[in-house]
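As recorded in Swiss-Prot:
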type: ACT_SITE; residues: LYS104; note: active site
type: BINDING; residues: ASP120, ASP122, HIS258; note: Mn(2+) binding site
Amino acid sequence: MAPEISVNPMYLSEKAHQAPPRRAYVTFLAGNGDYVKGVVGLAKGLRKVKSAYPLVVAMLPDVPEEHREILRSQGCVVREIEPVYPPDNQVEFAMAYYVLNYSKLRIWNFEEYSKMIYLDADIQVFDNIDHLFDLSDAYFYAVMDCFCEKTWSHSLQYSIGYCQQCPEKVTWPEDMESPPPPLYFNAGMFVFEPSPLTYESLLQTLEITPPSPFAEQDFLNMFFEKVYKPIPLVYNLVLAMLWRHPENVELEKVKVVHYCAAGSKPWRYTGEEANMDREDIKMLVDKWWDVYNDESLDFKSKIPADAEETVTKSSILASVLEPEMTYFPAPSAA
């Protein structure tokens, strides 16, 4: 059950003179690798479930123009953002590329939108979730994470065997000097309200916050701890839940699938990694491809055909390279 939530006043100070609400989904893209396929799949998935709202792609400057054109051709709103870096540190991130994910903080500066739903590029939406935009303001909504995979081996929860997904199985030891940690969300999907005040506070807080293994996810959990409200896991099924906590999963009811487990990215899937030969995983990968390959879900441009560029979407998609990521050095936050 969610704890008592105290409302963060910085959310409320800008509400008095707002224009009519404007809503959008938003995702993040960096580099010239194949994650663009994930964003294309997400855009088509949102169309399939008849979402009423656009998909904004917050992208770093190193995303090539050919990938930007792919996304424009799929009806995405392309927004370039500058990178955000944590303070200088020697921390070892759970994944090397996580340092780039601090740049997600820029989406709080998209003040033309009153509310947004963030979705990672390796997520697919299989049922309409537009109703989440109607959740009460002034809170941060996301799905609780699972601590059972080896990527959490650095954590106290993992060493104890404690997981918030089933706290009754392994309870928090009574002899621990500290109480159980606060509820912790997965930052691959969340509902939030852009705000210049929140944005500035995020950047200022980052400057004095030591980085940690899960990068911006740890940081956001710390920053929004007092206003976090958990939502059901149907809104962000982390695939490890299928083998770690199957009793908590009703797969037929899941609306949002997060292909974050090692080897589960549909556009790279081989079935060779651990747990990837499961029938439920194969089914979910096939579902993603069904959406991605469905040409009826391609964006129908309102621009006359003779005004469109001569480069076709199919020729651009065919040029997407194998995975490659441009990494930035990590200077102090700015």
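Every residue gets a Cβ built from N, Cα and C, even glycine.
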Using the centroid of the Cβ atoms of ASP120, ASP122, HIS258 as reference, list every other same-chain residue with Cβ within 8 Å of it (recorded Mn(2+) site), in sequence order. GLY38, LEU119, ALA121, ILE123, GLY188, MET189, TYR259, CYS260
Between ASP120 (Mn(2+) binding site) and LYS104 (active site), what is the CA-CA distance rounded to a whole number of Å? 10
Just the number: how many Å between the Cα atoms of ASP122 (Mn(2+) binding site) and LYS104 (active site)? 15
Within a 10 Å radius of its Cβ, which of these binding-site residues (ASP120, ASP122) has the fewest neighbouring Cβ atoms? ASP120
Look up ASP122 (Mn(2+) binding site) in the DSSP assignment and report helix, strand or coil. coil
Row the residue listed as 'active site', column other C-beta within 10 angstroms, all chains, value 25
